[in-house]
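Features reported for this protein in Swiss-Prot:
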type     : residues                                                     : note
ACT_SITE : Cys328                                                       : active site, cysteine persulfide intermediate
BINDING  : Ala73, Thr74, Asn155, Gln183, Ser203, Ala204, His205, Thr241 : pyridoxal 5'-phosphate binding site
BINDING  : Cys328                                                       : [2Fe-2S] cluster binding site
MOD_RES  : Lys206                                                       : N6-(pyridoxal phosphate)lysine
Amino acid sequence: MLQRIYLDNNATTRIDPKVKEIMDPFLRDHYGNPSSLHQFGTETHPAIAEALDKLYKGINARDIDDVIITSCATESNNWVLKGVYFDECLKKGKNHIVTTVTEHPAVRSTCNFLESLGVEVTYLPINEHGSITAEQVKEAITEKTALVSVMWANNETGLIFPIEEIGAICKEKGVLFHTDAVQAIGKIPVDVLKANVDFLSFSAHKFHGPKGIGGLYIRSGVGLTPLFHGGEHMNGRRSGTLNVPYIVGMGEAMKLAVEHLDYEKEVVGKLRDKLEEALLKIPDVMVVGDRIHRVPNTTLISVRGIEGEAMLWDLNRSNIAASTGSACASEDLEANPVMVAIGASKELAHTAIRLSLSRFNTEAEIDKTIEVFSQAATRLRNISSSY
């Protein structure tokens, strides 16, 4: 079988073998419903508690009860935005939300929905580096602002937003602060207390855990109307039978993610830089966004004169997986929203290719990718009508 190279780790990651190993007994032997009073149910409780302990410590929350299990970050994001709508907009008359133009569709689409209900949403523009400033947030906040929602790291460029500065402003103004940390956890340190975060969303499958499980950090003392109603699971905050094997897997994945942070910075970051520097030697290739303030695994490359989709499928034929942007929107074949937001032409914005590494990538894989990418760029430009 030909070697396959996976460089789409911002879309999803492979499960770490250690995560699979710790999940297996709960898929096979310890399958009881945790809410049941018999031993099949109660024997799962220690493992759930241990997993929650790993999760809250992984983001430096104060208490184990500050982390609520969800199905994914999309659910977590929806819960925060819609919960704030009920708690702040309807009950207190605060009908304003501040976010950015480059948020994940799970946030943007939910904000669009809330706008249809009469909520005013300010979408902060990004600068030429792909970022915003804390001052922009400060200027956007009004007496009617209920929530500020800004992602910790961008899913396409990897750029890190000034979360600590924004958190300090929100705390000073008495405004709730939410961050989608899906692309930050496992790549850089995430500290909810230091950042003054009220809500933080994450998904296990982005840091080598299973798909279909995620979480929401809710700062102690902050209320949030439940998105789901039913049983009294998670202290009545999120109904639904607890998915024990996936919770156990997510806890272990978080623990391993924190343990590998130095490796991400020193090894994965150097592999990304090697890949990037080699691709920049190809004529008319550029890196999109700030190359300094970003997570260590991600690069967004623009290859002038070549449609991103054409490059994507050429790489795919050589068994290399990459992306043109968010996996939740990439099938639409739209211009890259980050490139559009920084002012690139739609023609140029269609040339984006995202390459995102993980701790399981090797230097040999990067060398092979450089070779294949360079050959593909030459071949595709030879048949391009726009280069």
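Glycine too: its Cβ is placed from the backbone N, Cα and C atoms.
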Which one of these recorded positions, His205, Lys206, has the sparsest Cβ neighbourhood, judged by other Cβ atoms within 10 angstroms? His205
Structural state of Ala73 (pyridoxal 5'-phosphate binding site), classified by DSSP into three states: helix
Rounding to whole Å, the Cα atoms of Asn155 (pyridoxal 5'-phosphate binding site) and the residue listed as 'N6-(pyridoxal phosphate)lysine' are apart by 11
Roughly how wide, in whole Å, is the group Ala73, Thr74, Asn155, Gln183, Ser203, Ala204, His205, Thr241 that binds pyridoxal 5'-phosphate, by largest Cα to Cα distance? 30
Is Thr241 (pyridoxal 5'-phosphate binding site) helix, strand or coil when read with DSSP? coil
